[in-house]
Amino acid sequence: MTKFIFVTGGVVSSLGKGIAAASIAAILESRGLNVTMLKLDPYINVDPGTMSPFQHGEVFVTDDGAETDLDLGHYERFIDSTMTRRNSFSTGQVYENVIAKERRGDYLGGTVQVIPHITDEIKRRIHEGAAGYDVAIVEIGGTVGDIESLPFLEAIRQMRSQLGRNNTLFAHLSYVPYIAAAGEIKTKPTQHTVKEMLSIGLQPDILICRMDRTMPADERRKIALFCNVEERAIVGSYDVDSIYECPEMLHDQGIDNIITEQLQLNVQQADLTAWKKIVHAIQNPKHTVKIAMVGKYVDLTESYKSLIEALKHAGIHTETDVQITFVDSESIEKNNGDVSMLKDMDAILVPGGFGSRGVEGKIAAVRYARENNVPYLGICLGMQIALIEYARDVAGLKGANSTEFDLKCAAPVVALIDEWQTADGSVETRDESADLGGTMRLGAQEVELKAGSLAAKIYGSEHIRERHRHRYEVNNNYVPTLEQAGLVIGGVSAGRERLVETIELPNHPWFFACQFHPEFTSNPRKGHPLFTAFVKAALNNKKA
């Protein structure tokens, strides 16, 4: 049967539960176990798809089209398992399903309550997501003590009672601050968060202590005594330069031995050779490139988490220190298109996004890259922006724009597609008045690349599969005009619509843009061919 590891957090949020959980998963996977991961989000939103990036950060898209928490991106980068919509659910989804059952009469007129109906639905979803795996690591979002988390914590308490200690393990992440004025490490916050857990029936088996320095032996003994946890199960999670150092850091403290003993897992020794190579490559680069990322969410870089990591992965596989400079597209717009800050950059990237704010600043950045032969990579909106700039400045389509920004523009080269065929053959429709949630082209889609194109050379294939998240498409009515002006359509969707998927410029050192999100499938072990090619282009531009 599947063994469960439940990861919770206390004291404050943003301690790195996702990284800790993913690191444990990576270690267990290296010991030969088939591991999956789940993220349980206590918010009432159905999913993060319509949440502001400033509040929630990046929305990570799975292969099957689920819009999920960015932690699922960490999961896929740390382990080989591919996440699906079963690996993530929220309070909103739980209540939505329970209420739907009540409306259908599934509860036979009974009073629907948090216990047992909500907790039963949570447990059902956990078991569904974990089915078929040796170990499932379940991260509970939020902080112990938050009212929103209580049904989830009660559900995992019940699972411990039902499955037993040898099939479940509680790992609790706590903050252990260092007070500089006193010159002391303080364990009281950890004592209080464990007390909070005990009050709801949860006893941590492992305490992972987030610290900015190594934990002294006496403090470890103190935490073990007051929190009723074995001393060897008090594990330090220290600040590191790269998150990819975390698996080795936790393994060196024996966390996997504690887990395998309690869960009675008879497995091989851990082999972290691959992780050691990754860390060595990060710490010993031979080259340096500077890449400008021009967007509107630059004040919260978590909005571009997978993209940042994908560039780092490309750095690993090209022995390059990729230095990212975030450029606010609104500031370019407000300064009459001043792009002087881009002159020292080796390459320019415009990522995805929504809304009209900062668009003209992004267009100015694309124009600079095209006219000055600077390597350019556009992703999702970044492709649409590149196409709008080309339509205006090269193809002569005055008033070219997207209907997302100007519904009555003279040349809608990017528009809302109202009907398309999904990967399973069904037809979906949408219009301008449709709800924002659930009206996007989502998940992995087949893409056909033109023989001899830059796209085909980068991927080494004419058939690829990449993940999407967008509502607006290139208007195919304008494609002939754009192609006559020299634009190359390097890739189109495999469906009957033949939607534009990639564009490139033949008379430019390296100019490529795609409608899909390749960053969602990059990982440190393999990287991604598109980002590797982009970093190589930046290196070539630097040498030139």
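Positions of Cβ are set from backbone N, Cα and C atoms, glycine also.
For Cys380, the entry in Swiss-Prot reads active site, nucleophile. Long-range Cβ contacts of Cys380 (active site, nucleophile) within its own chain (separation 6+, distance under 8 Å): Pro351, Gly352, Gly353, Arg469, His470, Cys514, Gln515, Phe516, His517.
Residues annotated as active site in Swiss-Prot, with sequence analysis given as evidence: His517 (among others). A simple way to gauge crowding: the CB of His517 (active site) has 21 other CB atoms within 10 angstroms, across all the protein chains here.
Annotation source Swiss-Prot lists active site at Glu519 (among others), citing sequence analysis. Here Glu519 (active site) comes close to Ser306, Leu307, Glu309, Ala310, Ile379, His528, Phe531: these same-chain residues lie at least six apart in sequence, with C-beta atoms under 8 angstroms from its C-beta.
Summarising the annotation, Swiss-Prot assigns UTP binding site to Ser13, Lys186, Thr187, Lys188, Pro189, Thr190, Gln191, Lys222 and lists sequence analysis as the type of evidence. Listed in sequence order, there are no same-chain residues at least 6 apart in sequence whose CB falls under 8 Å from the CB of Lys188 (UTP binding site).
As annotated by Swiss-Prot, CTP binding site applies to Ser13, Asp146, Ile147, Glu148, Lys186, Thr187, Lys188, Pro189, Thr190, Gln191, Lys222, with the evidence given as sequence analysis. Lys186 (UTP binding site) falls outside any helix or strand according to DSSP and counts as coil. All protein chains shown were included, and the count of other CB atoms within 10 Å of the CB of Lys186 (UTP binding site) stands at 14.
Marked as ATP binding site by Swiss-Prot: Ser14, Leu15, Gly16, Lys17, Gly18, Ile19, Asp71. Here Ile19 (ATP binding site) comes close to His74, Ile243, Cys246: these same-chain residues lie at least six apart in sequence, with C-beta atoms under 8 angstroms from its C-beta.
According to Swiss-Prot, the Mg(2+) binding site annotation covers Asp71, Glu139. Neighbour list (Glu139 (Mg(2+) binding site), Cβ cut-off 8 Å, at least 6 residues apart, same chain): Val7, Lys17, Gly18, Ala21, Met37, Leu38, Lys39, Leu40, Asp71. Mapped onto three states, the DSSP output places Glu139 (Mg(2+) binding site) in strand.
Under the three-state DSSP scheme, Arg471 (L-glutamine binding site) falls in the coil class. According to Swiss-Prot, the feature L-glutamine binding site maps to Gly353, Leu381, Gly382, Met383, Gln384, Glu404, Arg471.
Under the heading domain 'Glutamine amidotransferase type-1', Swiss-Prot lists 290-544. The average pLDDT computed for the domain 'Glutamine amidotransferase type-1' (290-544) is 91.
Per Swiss-Prot, the feature region 'Amidoligase domain' maps to 1-265.
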Given that the record lists Ser13, Lys186, Thr187, Lys188, Pro189, Thr190, Gln191, Lys222 as binding UTP, what is the largest C-alpha to C-alpha distance among them, in Å? 24
C-alpha spacing of Gly16 (ATP binding site) relative to Lys186 (UTP binding site), in angstrom: 19
Quick one: Cα separation, Gln191 (UTP binding site) versus Leu15 (ATP binding site), in Å? 16
Determine the Cβ neighbour count for Lys17 (ATP binding site): the number of other Cβ atoms within 10 Å of its Cβ. 27
I need the neighbours of the ATP site defined by Ser14, Leu15, Gly16, Lys17, Gly18, Ile19, Asp71. Which other residues of that chain put their C-beta within 8 angstroms of the C-beta centroid, in sequence order? Gly9, Ala20, Ala21, His74, Glu139, Leu173
